Every structure is written in C-alpha cells, then in structure tokens.
Amino acid sequence: MADIDSEVPPLPPRYRFRDLLLGDQTFQNDDRVQVEFYVNENTFKERLKLFFIKNQRSSLRIRLFNFSLKILTCALYILRVKSHSAIVTHSLIIHHSRLALISFLETMLITYLSYKGNIWEQIFQISFILEMINTVPFIITIFWAPLRNIFVPVFLNCWLAKCALENMINDFHRAIQRTHSAMFNQVFILICTLLCLVFTGACGIQHLERAGKNLSLFDSLYFCIVTFSTVGYGDVTPQIWPSQLLVVILICVALVVLPLQFEELAYLWMESQKSGGNYSRHRAQTEKHVVLCVSSLKIDLLMDFLNEFYAHPRLQDYYVVILCPTEMDIQVRRILQIPLWSQRVIYLQGSALKDQDLMRAKMDDAEACFILSSRNEVDRTAADHQTILRAWAAKDFAPNCPLYVQILKPENKFHVKFADHVVCEEEFKYAMLALNCVCPATSTLVTLLVHTSRGQEGQMSPEQWQRTYGRCSGNEVYHIRLCDSKFFGEYDGKSFTYASFHAHKKYGVCLIGVKREDNKSILLNPGPRHIMAATDTCYYINITKEENSAFIFKQEEKHNKGLPVSGLYDAPSRLPVHSIIASMGTVAIDLQNPDPPEDSGKLTLPTENGAGSRRPSIAPVLEIADSSAILPCDLLSDQSEDETNQSDEEGSVGSDFVKGYPPNSPYIGSSPTLCHLLPQKAPFCCLRLDKGCMHNMSAETAGNGLYNFIVPLRAYYRPRKELNPIVLLLDYPPDNHFLEAICCFPMVYFMAGTIDNLDNLLQCGIIYADNLVVVDKESTMSAEEDYMADAKTIVNVQTMFRLFPSLSIITELTHPSNMRFMQFRAKDCYSLALSKLEKIERDKGSNLAFMFRLPFAAGRVFSISMLDTLLYQSFVKDYMIPIVRLLLGLDTTPGSGYLCAMKVTEEDLWIRTYGRLFQKLCSSSAEIPIGIYRTESHMFSTSESQVSINVEEGEEQRERGELWKEKTAHRNSTTSDQSEHPLLRKKSMQWARRLSRKNTKMPSRTERISQQRLNLYRRSERQELSELVKNRMKHLGLPTVGYDEMNDHQNTLSYVLINPPPDTMLELNDIVYIIRSDPLAHMPEEASVSQSRGTRNQQDFGTETRDETHL
C-alpha cells in the first residue's frame, strides 16, 4: 500500500488545491501555447483592404488624398489653357504625367482590393474607364516623347473628384458616428452634378473652338451657364460642328440626369415633410423645448395642449417638439401652418422606442417630456402598455428629463411610478363623478380651477349670471412663500384659519392650504391649530398670482386727488375687493381699508321693527386657536343622538358599520382611506340587487377604477345617515377579484343589465335614485368617426331624460364638444343663443368656450379630456396634481382637510353675504369656503314663437309679471345694485331674441293655434311616456308609487361661483363648497390607534358634523 502511494507524484504548489477542485489533470505536463485570434484574415491583402477600405479613418484620409489629386489635375489643365509659354506648358505636362502615374497606381490597387470574382464588372465601371482615359496617355508619354502633343481630356477628372467627394463625406460621417440627412446628401449630389456639367462643357467647347472662333475659357463658361439656364442670349455660340455636337450631347445628358436628380430631391423633400426632419443640436442647446409623445395626434388634443401650455407668460419662448409614429393629419398640418404655431411647434414622425428618433427630438436636452395615452383606443389596457414602454424608453435615453405621464387604468400606474408626475384618468374620473353625487358640480369646480382663464368670458353678455359666472371662472390656484407675500406676510405667527379669513376679507384671496418647509406634504385647511410660519408655502385661489398684482390703497388715492377721506367708506357704490379683473396677467387689487377697525370681527344686524331684540351675531376669528372655542369633531365618539330621528330599522342598519381601512385593494398604488365598512365581508351572492332602493348608480362595465367611485362615498367623514345605497348596473357580471374588493363596503350592490333596457333600469330602482351616473363605455370607442364615440351614450341619456325627467343624471363623455346634445331640445332658442355665445368666446381665444353650456355649468356632464390640462399645468405648477387629489379624496394626508358641501337654508339668510359666511364658518367650525353652487329660476323659450313676444297682447303686463318673479326668486345677486335686475331681465330676452332669430314677425292666429296644438301634443306625449313606464313597472311587479313624471326642473339653471367677492349676497338653496379640516388630526392618540386597528364603533357621528355646518 505504501508503494502504491509513493508512485503518485506530488502536486505542483500553485496547482494542487485548484486543480483538485476543477479536476484538471494536465498539470503534469505544463506545456501551454498562447493562441492569438484575429478579427480579419492575417494576410497582406486583408491588411491592405483594412487600411484602404474598411477602416473609416484611414479610408477617409485616402479618399481625401484622391480628391485633392483630381482637383489639382483640373487646376493644372486650366493653367495649361491660360498659359502661352511653351516652357510652362512642357513643365505642366510633366507634372500631369507624375500625377497620372500616382492616380493609375492607386486605381489599380483599389481595383485589386475590391475584386470580388468578376473582373469585367471592375473593368467596365465608369470611374475605372475615366481613370484609364486620363492616366494611360500621360504614362505612355513618359516613355515616348512624340505623344506629348496628343490632347487628353483631363477636365473629365471633375467627375472622379465628385465621386471621391461623395465617398469622403460618407466616410466622414461613419468616422464620427453620426448620420446625415438624405436631403443634404441629395442636394449636395445635385450641386456637384451641375458644376461638373458646366465645367465639362466649358472646357470641351473651349478646346474644340480653337479651330473656329477661338473662344476663351470664360466665354465658354458664360455660354454653358446661359444655355443650361434656358435663357439663350445668342451672343456667344459654337461655330464648328464638333463643338455643336458636344453641346447637343451635353443637353441630352442634362435632360436625362437632372430630372432624375430633381425627382429624387422632391421625393426626399416630401418624405422629410412627413417625418418632420430633425431638431438641431444647436437649437436644443440654445433654446428651451419640451417633447410631446403621442400615439396619434388629433386636432382637439393638440389645441388643448398648445392653448394651455402657452397660456403661461414664462413659456412663450419654449418650443414644442411632437414625436408621433403616424403621419401628420390634414387638420393638424393646416393648424401647424398658421404663423402663430409654425414658429413654435415642430412635428417629427417617429417612435419613442427608437433611440434615433429620440435623438432627432433631442430628448436629452428637453426641459420636459409629456407622454399621453390614446383614450380613443378600444383596448385601453393595450394603450396603457404602449404608454408604459414609451415612458421606459424616454427614461432610459434621458434619465434627467422630467416625465409627465398620462395613464388610463389605475392598475398600470405603478409601472410608471418613477415619473415626476402621473395622472391616472380613471382614478380622477370616478372620484370626480362620485363627489358630484354629494357635492353638486364638483366636476365643473375642478375643471374651472385647472383651466387657465383671465375671467373675461361672458363679460359682454346681458345675462347677469353669465357675467358673474364668467368672472369667477378666472380663479386659479397659486402659491407663494409667506415671508415673500403681501397677502399673507402679516399673519406670521397667527393661526391658519385667521390668516385665511382676513386675507379673503382684505384682499379677496382664498387661502386653502399650506406646506411646511420640512414637510413635502401639502395640507388643505390644516385647521386653527396650525400656526403660520415665515417659511411656509401658501396655496391660495385668486384671479391671478400676487406677483402680477398692483396694490392700490383708497386713502392714498383720495389724498392724491385732494378729496376728503371721510366719505370713503360711506360711498353706496363702492367696488368689491377683487372687482377689477386682470387684463393681461395683471390685476389691480382695490384695498378698501388696509387697517380694519377694532370691532370688525363682530358682524351684527340691526334690530327688527325697532324692538330691542337682536339676531345672532358672528364671533370673531381668533389669532391663536382656542381649544374650548372650537367645536369638537370626534368622528369616533358616541353620537347616539344622531339616530334619534331615524327609524329603528335604519338605526339597526347604521349601527352595524365600523370604520377602518379596506382590507383588499383592486390594484397596486391606491391610497389607503379610512372608510365605513361592514363588520364582516358580505357574501358575493348578497351583493346582487334584490330590491330597488338606492340613491346612487353607476352604469359601466366593472373595472378597477370603480373602486375610486365607491371610496369617496364611503369615506369615514360621511355621516352614516347620509350613506345611500350604491347600485352598479354593469353590462357583464364582475369577476371575483372586483367583488372581493367591494364586499367590505356597506350597501353596495351590482346588477347585470344595460341602460338602454327599460326593464333593467326599473328593476334596479331608478325611480328612487338621487343621482344616475352614466360612464362612457370602451366599446363605443370603435366608431369610425371620432366624435361619434359618444352617440350611444347621448341617445341613452336622452331617453332616460324623457322617461324620468325628475332624475338627476351625471354623464361622462369622450368629447367636450358633444355636451351641446345633452338634454337636447330641438326648439330651445335659449340654447341656440348660448351656442352663439360659445362661438363668440371661442373666436376671442377663450380656453373655456364650453363653460356656458347649461349641462356643464350645472355639473351634469363631464369629459375626462377636460382634465388633460391638469397634466399640462403641472409643468408650471407642480402642486396642482396633489391638491386635486386631496380635493377629490384620492389621497388622504394626515392633517389635511377634505371637500364637502353645505346648503343655505332660510335660517341662514340672516348672514346675508358670502364674506360674513366666511367669518361664521372660520370662527365656529374652522371651515374654509371656496365657492358657491347656485340654482336660479329661469324662463327658457322652447320655440321661436315664444321668443318673439307679441306686443299687442300685453307685453308690458307680462314684463311686470316677470319682474315680480325676478324680485321674489332672486332677492340679491352678486351685485349690490338691486335696480339692475329688471333691466337685465329685459336685456336677456332681447339678447335671446336677437341671437336666435332675425327679422322676427309677430305671431299670427294660425301660429298661436299651432302652438296650442303643440302644447297638447307635448302633454299627450308625456302622458304616453308615463303610461309606458307605469305599465312596465306593473308587469315587473314593482310599485308605481314614487314615479314623478311631471317634475322636470326645466325652468332652473345652475352654475358655480369660485371664490366670489365678499359682498356676494347669499340666496336660498345655495350650496357652499367648503374644505373641512381633518377630524382625526387632533384626536387623542389612543382613539386614532384603536381606529386604525379596525376596532368597532357602536355609534354614529352625525350630530356634531351637522352642528358645524348648520348656521
């Protein structure tokens, strides 16, 4: 055994352990050979080919030398022609011979290296033939002197120089790794061809005319230029037939070659116009530009982007580079040819997934990149996938370029989380439609806030509501640091509520939010316990930002004009605080009294009938929050008295709810929101609707976005008594994943059916619904005409409007221009007048021309494309998306308030003005009002004969009746002059009559009879529709009680007033938008912790909430 072991040789030291592990047995014979591998064949020919042809840099030097050689040969020929000395001519011939020898050797070497098996292909090349003609005779003269007098057409070297120059440019661009445009290459070839033709003709004619007129070289050049330009003066002509034959040959060649060159150039120019060319690097480095990436560019999308983007003064010098894979649309091409946009917008046809196209758009030098989804696609998921890939490609190519991404479906949002700003369409859409059910016209409020306007829309209209509505629509959200602000600088160390109220009272601005310097979260109405600091960033609503405002003090004006100051505050027609609207980004703010009196905090009313009794007064807003003065808002406390007025059944149902966070989210990225939940998940079978009793409905196929429709309606700050059932009328039954997400919410049901089926609508209880929300379906996107995508939705809504005229229908459309068809009446002349007003505002350049449409003003119709401006505004206002998400309840930041509404009743009319209401809310419940939703009675003309008022049949009497109605219905409007209403009513009727019909004639007796018959027909039609609905209800076994077929609300109009002036008079049934502070922000820690764990609460919280909003 020992002998066997001794036979094993020892392992070498450096290979012992490693080779045992690797199993290498070659260590005994350490004979290694180093092998070198070559990319090319290691032969002499391959090395020459690598140097002369393959290598870009060395090949460029060889071609440059060849080009210089040909140019020098042509120059020597010109010198020979000009020279008259035999000695000079002989020396030039010797130089020609030397150059010819070098050219010949180079040509033969290149031919040998380029040989590919066919020698005749190499020999019969035009360049090779020309080389032989110009070099071989000179080489022969070196050995045989008598041939030196033979003529050699050396000027033909210009064509060889042209070929060498083309190859040299190609090698140059290959060497620097850059591509040049085909247009440049073709133009260069065309110019070189023209020069070679002219040079060849001039030299050839000059040589042949030695036997005739003996033309000089300049005369020959002059003749060729005149001939090729088709001018033909005739003062210089060839005299002998060889030169004439040469001219004929040159003209024939030009007629063949030049048209081909021009055709190629024209084709490339047309293609470059389609693709858009390039955005030069020099412009990208010296000018600012943004890139817009879209799948397909439509005219509406383009105009919305350009109007909103260039509405900001500091963006006027920016350029917009559009990168789109499709060919430019005819309408888009027509728009981009307008001088206003042709100098600012550059269209490039290309894909964002190609680095070459991103290089053309200079994405790495762009200030921002906007990536928009194609919402017109039938498959919205596929559209999102394309958007995600574009975002990834842009981030990979330009990591430092800010990305603004629009996504359609919420489940795809986390893929683009890296983007600087993301707007998910379905998130915003469903949340906004949900808030429309509890806060009327929330969609209109948000749309007006995110659009850029100067508040000048409708100011020339005789209608008072249009002027007020248009003026208040100019309010937007702005920001400024407290230490730099004149609006809020004096409130350093004061409470947020105190600063908000006094800033509105003094300057007319509405402070809605704040952000600490050490905190990135924006807080809407953090409450009176928040103390303002000098480093805080304030967010406020105003006509324009403070930097564009001029402060004019009334007392200084009086002193400057030499007028007494004592009557300053006694003037009956004094203007409100922000009554002077900005013209071009500048507003003059009229300060009535910069130093408020000491007792300005108390607002009391005079005594009634001379008695000593007084109405309630409004408490002052304290500088520092007093915990005892603020009404408690503990939503987790025991509030059993909220259920005292409810039935036992309602109380038992309400007591089963708990507050907590939904356990299941249908998609990644949804913000957790504290909601009313069921103690236990409801079985899926219990989610099917068994009986019709609900108040909110949504008609759409089940998608993850519907989750955002339910959450705002089940948020924890909604009182339990206001939680109405939600019924989802779906075309197809939802999947279990969606049911798992909604089964924890109380009173949420679904039913399979369609809105165009009357039986389905009746079975789901449409006659009991407070609101019907109709969402545009994806299946309608496949219409051949883009604007026909809303056709099915519009017709179905119109049918429901005729069958259920008292139903409040909220509709989502694809195109805003289709809003004019909502609740359509064919003979409504008032709508016709509004249509003409919309056209007038559009011609004036308004971005909100559709705002005067009655369905939009009332919040009954909404288009998600209106929110595209939210993404565009984020480039200038990066805080707009977080603020809108907080308003809609999509995000819940601790300490931030939420949007809600309160209704003005008869008991609240003693407050009188919006400014006093602001003080009442701030002092009692620390709530910030931001606007009013007003509903007024209005007389609409449904036919032309009603618009044309018959003077002979008592026009004055009817006007007196109308004036009396106006005085009772509209007690006080936003203006303080009450005598203006009768005149405005008269002007409005004249305005509608003038815009709707020209050359109006008084109705005849036949027309009156026809009108009476029409009224009878309408009544019979309404009765017929009513009988149809009732018969279907009886057939389905449903009770007909509750079907109100007559209340159609056709004589009212509603509109939104954002941040109205403080002296705006309150009216009955006004709905005030308020931002209520977070009820959980200042709760005891034990209560908040127990609630976050999902502990069950037995009582409701509606009483204190009602006390806060009840005035």
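Glycine is no exception: its Cβ is also placed from the backbone N, Cα and C atoms.
Looking at 91-108, 217-234, 307-324, 757-774, the range tied to transmembrane segment in TrEMBL is 217-234. Nonlocal intrachain contacts for the transmembrane segment (217-234), taken as residues 6+ away from its ends with a CB within less than 8 angstroms of a stretch CB, comprise 78, 81-82, 194, 197-198, 201-203, 205-206, 209, 247, 250-251, 254. Outside the transmembrane segment (240-260) by six or more residues, the chain places 190, 193-194, 197, 200-201, 204-205, 208-209, 211-212, 224, 227-228 with a CB less than 8 A from a CB of the stretch. Confidence for the domain 'RCK N-terminal' (287-423), expressed as mean pLDDT, is 89. Helix, strand and coil counts from DSSP across the domain 'RCK N-terminal' (693-832) read 62 helix, 25 strand, 53 coil.
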